[in-house]
Each structure stands twice: as structure tokens, then as C-alpha cells.
Amino acid sequence: MPGRSCVALVLLAAAVSCAVAQHAPPWTEDCRKSTYPPSGPTYRGAVPWYTINLDLPPYKRWHELMLDKAPVLKVIVNSLKNMINTFVPSGKIMQVVDEKLPGLLGNFPGPFEEEMKGIAAVTDIPLGEIISFNIFYELFTICTSIVAEDKKGHLIHGRNMDFGVFLGWNINNDTWVITEQLKPLTVNLDFQRNNKTVFKASSFAGYVGMLTGFKPGLFSLTLNERFSINGGYLGILEWILGKKDVMWIGFLTRTVLENSTSYEEAKNLLTKTKILAPAYFILGGNQSGEGCVITRDRKESLDVYELDAKQGRWYVVQTNYDRWKHPFFLDDRRTPAKMCLNRTSQENISFETMYDVLSTKPVLNKLTVYTTLIDVTKGQFETYLRDCPDPCIGW
């Protein structure tokens with residue numbers, strides 16, 4: 001009990017510190033300028049490209065990529081196992097993962113289960129652990145997404161992928177363990193059919209859903225987690241118990257990227273499809289006004305907040321809180337993002353200035369794995385690994 005009390009006091013102290021720090025220098029800063037093209041201490045490096053051939057059988061599609069990334073995937077899978085075993089030292093949870101999760105196959109939609117089987121085979125990681133690795137992303141995605149329209153009606157979509165909160169803190173270098181281990185797993189993917197691009201995405205090797213992507217010339221899509229009491233854990237439990245009329249959110253976003261042929265079709269599917277976990281879908285199109293944040297409960301859409309430049313709404317910003325509510329006081333990335341967009345102005349929004357906004361603390365923080373910039377009309381899709389050197393807020 002004394003140990004637990006000590007942990008509680010440490011967490012309380014950290015929370016109070018973050019509450020104060022997030023709104024005061026040096027953990028926040030004036031809006032950054034001239035950070036693009038990426039360089040300097042907040043730039044970790046470029047993200048490699050791989051082609052995923054959709055003409056191959058699903059079992060074989062990921063083999064080339066996973067041969068390269070198997071060693072780093074094993075590192076993060078082992079880290080997650082160690083964290084679980086720390087809380088449940090008996091090892092029974094991992095025993096259930098390894099023995100029971102593969103029995104759920106036959107219940108996943110489309111090609112996803114064959115793809116996961118193929119990844120397990122080529123990496124020599126138990127199939128149950130590959131499945132749990134894919135479930136993992138339904139629960140811990142903490143992000144900032146923005147769609148902005150310039151004075152000419154041109155759209156730019158930007159996002160920071162923040163991931164790994166409370167999943168192990170490295171006291172030696174002040175970083176989140178899982179966040180750092182995800183960086184070498186980050187890949188750009190060119191999904192092709194008949195040697196032609198169907199869509200492009202940034203993802204983590206071993207994950208067959210999609211969190212960030214675009215269909216050149218048509219639309220862009222990012223996914224943010226939505227915290228809710230009626231949340232992902234409940235949805236996963238219901239799914240395990242046999243309720244199969246819902247879609248995994250990462251599988252839905254991939255299905256939309258792969259099959260939808262217009263902004264409106266994508267919006268319709270993202271608005272109406274029953275999903276496993278609450279989420280925000282941030283969607284951008286190819287013409288003026290085509291940008292929105294879809295706030296989803298598991299069964300229905302609660303809100304579709306759209307661009308309306310004529311009414312002065314030339315951007316939409318989404319973090320992980322409903323737009324009509326105040327962000328959690330320990331985690332307000334929305335306010336600084338909006339402040340920097342307003343200072344940038346519609347006249348000056350561009351790839352360069354969008355990167356500036358996403359490089360400003362605390363929009364950029366210790367959880368940030370990568371930043372993506374998308375221009376649907378020009379076919380530009382750029383992803384950069386990020387660092388947030390001290391002093392930098394933990395989230």
C-alpha cells in the first residue's frame with residue numbers, strides 16, 4: 001500500500017505541474033515561424049516509403065515491409081508485454097492473448113485477418129500479439145488535426161500523430177517509451193492496384209488499419225481518438241462477446257481510403273457506419289468548403305462541423321475533445337493551435353505555415369511521433385518524424 005500511495009502522489013504532482021506548465025513558458029511558446037522545410041532539433045528525420053500491392057493475396061501484401069521492420073516491431077510488442085506483465089505478474093493476460101485472440105479470426109472484415117496472419121508468419125510474432133497490436137491503436141491515439149482553406153479556396157490538411165501516453169516513461173532521457181519505439185516503425189505507404197496508386201498513407205508497420213491518408217485528387221482523412229464513457233473498451237468487449245455489426249475504426253478509415261471515390265461518399269460512410277469506438281474523423285476534399293470534423297459515437301454521428309469560409313470559418317481544428325466542450329485542463333492543444341492559425345491568417349496559410357502551427361508547443365509535445373502535411377489537389381503527402389527537446393510538456 002505505501003508503494004501505491006507513493007505512485008498516486010507522484011501522479012498527482014505531475015498532473016498539477018502539467019496543469020500549470022501547459023499554459024506557461026517554457027512549455028508553451030509564441031507561434032513558431034520558418035520551421036519548414038523541416039530541420040533542427042524538432043526534426044527527427046524522413047519517413048521511408050513502401051509499396052503495398054493490392055493485387056497480391058492479402059497474406060503476402062505486407063511481407064517485404066515486415067521483413068525490414070520485424071526487429072523493431074518485436075521491440076515494441078515486447079515492451080507492451082512487459083507493461084502488462086508488470087500489472088498482472090502471473091502472465092495470464094498474455095496467455096489469453098496468445099491462446100484466445102486467434103480464435104476471433106473469422107470475425108474481422110475483408111482482407112484484414114489474412115493480412116494479420118501474413119504479418120505474424122513473416123515476423124515470427126504470435127498471431128494473438130499481432131491482433132492485440134492492431135487493437136492497441138483503437139485506444140491510445142491522441143492527436144491534433146487541422147483542415148484549412150486559403151483565400152483561393154485551396155485546402156491543406158495537417159496532423160500531429162501523438163501516441164503513447166502513460167505507456168512507460170523513460171527517466172533517463174525524459175521520453176515516452178512507446179512513443180520513441182514507434183518512430184522507427186513509422187512508414188509511408190503507397191497502396192497500388194494495377195501499378196497505379198489507389199491511396200497513400202502514413203502508418204506503423206504491423207498495423208493494417210489506417211490513421212492518416214489521402215486519395216490523390218479526391219480527399220484526405222485523419223483519425224483522432226474521442227474519449228467517452230461509452231468508449232472503445234466497451235465496444236471491444238461487446239465485439240468479443242459476439243456483437244459483430246460494427247466496424248473497427250482503423251479498418252473503416254482504410255476501407256474508405258481504398259474504396260470511396262469522392263469526398264461526399266467518404267463523408268457519408270464515416271458519418272453512418274457503426275463503429276467499435278468513439279472517434280473524430282477529420283476529412284478534407286478538393287474544393288472550397290470541403291472540410292469537416294465528424295464527431296462520432298459508436299452508433300451515430302453527433303456533429304458534422306464544416307468549413308464555411310464565407311462565414312469566417314476557414315479552418316477546423318480537432319484534438320481529442322468535443323468542440324462544444326472545454327478541453328481537459330491538463331491537455332489543451334486546441335487553444336494554441338487556433339491562436340497560431342489566427343495569427344497566420346487565411347492569406348498566409350500554406351504547407352510552410354501549417355508546419356509552423358504543428359511545430360509550436362504544446363501542439364508539438366513529447367507524445368508527437370510524426371507530422372503529416374497533405375495537399376489533395378497537388379497530390380502532395382509529406383510525413384516527418386518529430387522530437388520535442390526539453391523543455392517540453394509530456395502531452
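Cβ atoms are placed via backbone N, Cα and C, with glycine included.
Annotated active site, nucleophile per Swiss-Prot: Cys143, in sequence order, evidence recorded as experimental evidence. Cys143 (active site, nucleophile) falls within a strand when secondary structure is assigned with DSSP. A 10 Å cutoff on Cβ-Cβ distances gives Cys143 (active site, nucleophile) a total of 24 other Cβ atoms nearby, all chains included.
Close to Cys392 (disulfide bond) in the fold, though at least 6 residues off in sequence, lie Trp27, Lys361, Leu364, Asn365, Lys366, each with a CB less than 8 Å from its CB. Per Swiss-Prot, disulfide bond is recorded for Cys388-Cys392, and the stated evidence type is experimental evidence.
The annotation N-linked glycosylation site is assigned in Swiss-Prot to Asn173 (among others). Look at Asn173 (N-linked glycosylation site): DSSP puts it in coil.
For Asn195 (among others), the entry in Swiss-Prot reads N-linked glycosylation site, with the evidence type sequence analysis. According to DSSP, Asn195 (N-linked glycosylation site) is assigned to coil rather than to any helix or strand. Under a cutoff of 8 A between CB atoms, and with a sequence separation of 6+ in the same chain, Asn195 (N-linked glycosylation site) has no neighbours.
For Asn259 (N-linked glycosylation site), no same-chain residue 6+ apart in sequence has a C-beta under 8 angstroms from its C-beta. According to Swiss-Prot, the N-linked glycosylation site annotation covers Asn259 (among others), on the basis of experimental evidence.
Take the CB of Asn286 (N-linked glycosylation site) and look out to 10 A: across all protein chains shown you find 18 other CB atoms. According to DSSP, Asn286 (N-linked glycosylation site) is assigned to coil rather than to any helix or strand. Under the heading N-linked glycosylation site, Swiss-Prot lists Asn286 (among others), citing experimental evidence as support.
For Asn342 (among others), the entry in Swiss-Prot reads N-linked glycosylation site. In this structure, Asn342 (N-linked glycosylation site) is part of a helix by DSSP. Other Cβ atoms within 10 Å of the Cβ of Asn342 (N-linked glycosylation site), summed over all protein chains shown, number 12.
Annotation comment: Swiss-Prot describes Asn348 (among others) as N-linked glycosylation site, evidence class sequence analysis. The number of other Cβ atoms within 10 Å of the Cβ belonging to Asn348 (N-linked glycosylation site), over all protein chains shown, comes to 12. In the three-state DSSP scheme, Asn348 (N-linked glycosylation site) falls into the helix class.
Per Swiss-Prot, signal peptide is recorded for 1-21, and the stated evidence type is sequence analysis.
Cβ contacts within 10 Å of Asp162 (site 'Important for catalytic activity'), excluding its own Cβ and spanning all protein chains shown: 29. The site 'Important for catalytic activity' annotation in Swiss-Prot covers Asp162 (among others) and rests on experimental evidence.
Marked as site 'Important for catalytic activity' by Swiss-Prot on the basis of experimental evidence: Asn320 (among others). Applying an 8 A CB threshold to same-chain residues 6+ apart, the list for Asn320 (site 'Important for catalytic activity') reads Ile142, Cys143, Asn224, Glu225, Arg226, Phe227, Tyr280, Pro327, Asp331. Under the three-state DSSP scheme, Asn320 (site 'Important for catalytic activity') falls in the coil class.
Residues or ranges marked as site 'Important for catalytic activity' by Swiss-Prot on the basis of experimental evidence: Arg333 (among others). DSSP classifies Arg333 (site 'Important for catalytic activity') as coil under the three-state reduction.
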Spatial neighbours, same chain, of Cys388 (disulfide bond) - Cβ under 8 Å, 6+ residues apart: Thr42, Lys361, Leu364, Asn365, Lys366, Thr368
By Cα-Cα distance, the member of recorded positions Asp162, Asn286, Arg333, Asn342, Asn348 nearest Asn173 (N-linked glycosylation site): Asp162
Where Cys388 (disulfide bond) sits in the secondary structure, as DSSP reduces it to three classes: coil
Cβ packing number for Arg333 (site 'Important for catalytic activity'), 10 Å threshold: 27
Candidate nearest Asn286 (N-linked glycosylation site) in space, where candidates are the recorded positions Asp162, Arg333, Asn342, Asn348 and distance is Cα-Cα: Asn348
Closest of Asp162, Asn342, Asn348 to Arg333 (site 'Important for catalytic activity'), Cα positions, recorded positions only: Asp162
